[in-house]
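Enquirer: Take a look at the following structure, please.
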Amino acid sequence: MTDTNKLKDFRHRSSVYDSMVKSPNRAMLRATGMTDDSFEKPIVGVISTWAENTPCNIHLHDFGKLAKEGVKEAGAWPVQYGTITVADGIAMGTPGMRFSLTSRDIIADSIEAAMGGHNVDAFVAIGGCDKNMPGSMIAIANMDIPAVFAYGGTIAPGNLNGKDIDLVSVFEGIGKWNNGDLTAEEVRQIECNACPGPGGCGGMYTANTMATAIEVMGMSIPGSSSHPAESPEKKADIEEAGRAVVRMLELGIKPSDIMTREAFEDAITVTMALGGSTNATLHLLAIAHAANVDLTLEDFNDFQERVPHLADLKPSGKYVFQDLYNVGGVPAVMKYLLKNGFLHGDRITCTGKTVAENLKNFADLTPGQDVIMPLENPKRADGPLIILKGNLAPEGAVAKVSGVKVRNHTGPAKVFDSEEEAIEAVLTDEIVDGDVVVVRYVGPKGGPGMPEMLSLSSMIVGKGQGDKVALLTDGRFSGGTYGLVVGHIAPEAQDGGPIAYLRTGDLVTVDQDTKEITMHVSDQEIEERKKTTVIPPLYSRGVLGKYAHTVSSASKGAVTDFWRPERTGKK
């Protein structure tokens, strides 16, 4: 335990309650259990996205209690808070999906409001589902007080007939059922066995991608991103997060010391090597924006060209994230990449040690394992996340090409203004091999909320068309998506981007070799179409209306604040 008398000097924010005139404030705090002794200690917030509606988050309230124990053991005063979550897998394919990305910024704002409003000296943020991680990190960057992120852990794989399955197995089962390859009862068996307990979705999907990126950056406990939700190691790392944040206070380490340009470079490197989610581009841009780090969409292509894809992880591979844990986890991957010159080993982390110092305590990848391929024989010679540009996406678009055999595709567009219309077309066999399915007006402003298209993409894969039909959108894709898919097309249709003027029958080319996305329509014809195209009014009611009117382009991370360093300064 840290010397409490020494910790009194680190009450940089909670000391506002010390003076005589703050007696009323202290009266309220005494009602929560604080005493004269407590007021001598730093106040550390512990805020989680606990909720009972999803396996990703159902265990996080108990994890908050563990983090509090770590804070207490380190000599500070912990206070637990709660904020919201939106479960992507439950919202998917419904109107609720518009609230998913929106929730990222609500989480960020609510954490900042709770921690700032109560003058905490430091905090631990605990998250489990996709938007929890970037939402927490945006708040951490904006607050810039000692903070640690703690991940709720990955779910164990389900099992059916001796085979590992997961949530994406159910989504793809719908396509197979529609194609006549599975019966309704067989799909029900997959449904009933896919999710056996608590934890984030089990492949290299968005939750595990972002948890990994945060660990690589140095903002969570080493090894924690790959600890399964129900493992003893996970409980230990949650408690350690409480101790670590107090240590950050003592050492004077702030998130801005950790979240440097080099930290983001390493996060992108490991994301490429592991075959992470397309959502990593959106979220890392948003976190970098909050951290005042210069990061652009084009930077991702720089790393894509020099970092090979090594991991045989779902959605395009064989293994789930727990299998990576079994062969050494994220630290073993980092050790391998560091040894081969891909990472910055001298960066400081939330432990007070450098990346290289942290990794000394971990074993190498298990000899003979085949979850992570060697650099000499990678899954793919370059990274699987590609930024495309062209006259259909002048600001850029994001493609994930892991497991995709087709390197370029040209076909006629079939254009839909909603996912529901596109799903109906797939279910009624209107989509044929060679088509380019386009879903627009579902971007950050147009959705509003930039919904994911996992229901649609999984149906296409389930029907055996994953390599034969391209799917394009100004919306997003789940980390569980694979196939010939391109998302985040910017500018979006709602902003008058070229995708708004695409018509059914127009030829579209997606080329991963040239990194181009082209609509074969002349500039003159596009200008003519602009004269007759009516952009629908921007949604304006409630939280989605606020979001639609403030959110930036996906090419800038879909951020919702007005902070610009050249205009406002940042204190």
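In case you wondered, yes, glycine gets a Cβ from its N, Cα and C as well.
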Enquirer: Say Swiss-Prot lists CYS129, CYS201 as binding [2Fe-2S] cluster: which of CYS56, CYS192 is in the same site, per that record?
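Expert: As annotated by Swiss-Prot, CYS129, CYS201 share the [2Fe-2S] cluster site with CYS56, chosen from CYS56, CYS192.
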Enquirer: In Swiss-Prot, ASP88, ASP130, LYS131 are given as binding Mg(2+), so which of GLU430, GLU452, GLU492 is in that site too?
Expert: GLU452
Enquirer: Below 8 Å Cβ to Cβ and six or more residues apart, same chain only. Which residues does that give for CYS129 ([2Fe-2S] cluster binding site)?
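Expert: Sequence-distant Cβ neighbours: THR49, THR54, CYS56, ASN57, THR85, VAL86, ALA87, ASP88, GLY200, ALA207.
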Enquirer: Can you list, in sequence order, the residues of the same chain other than ASP88, ASP130, LYS131, GLU452 whose CB lies within 8 Å of the CB centroid of the Mg(2+) site?
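Expert: Those within range, site residues removed, are VAL86, ALA91, SER100, LEU101, CYS129, THR206, ASN279, SER478, GLY479.
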Enquirer: Within 8 Å of the Cβ centre of CYS56, CYS129, CYS201, which other residues of the chain have their Cβ, at the recorded [2Fe-2S] cluster site?
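Expert: My list of surrounding residues reads THR54, PRO55, ASN57, ALA87, ASP88, GLY89, GLY128, ASP130, ILE155, GLY199, GLY200, ALA207.
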Enquirer: Distance between ASP130 (Mg(2+) binding site) and SER478 (active site, proton acceptor) at the Cα atoms, whole Å?
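Expert: On Cα coordinates alone, these residues lie 9 Å apart.
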Enquirer: Given the binding-site residues LYS131, CYS201, GLU452, tell me which ones have a C-alpha lying within 10 Å of the C-alpha of SER478 (active site, proton acceptor).
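Expert: Checking each Cα against SER478 (active site, proton acceptor), the hits are GLU452.
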Enquirer: Quick check for the class: what is the C-alpha distance, in angstrom and rounded, between CYS201 ([2Fe-2S] cluster binding site) and LYS131 (Mg(2+) binding site)?
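Expert: Counting only the Cα atoms, the answer is 13 Å.
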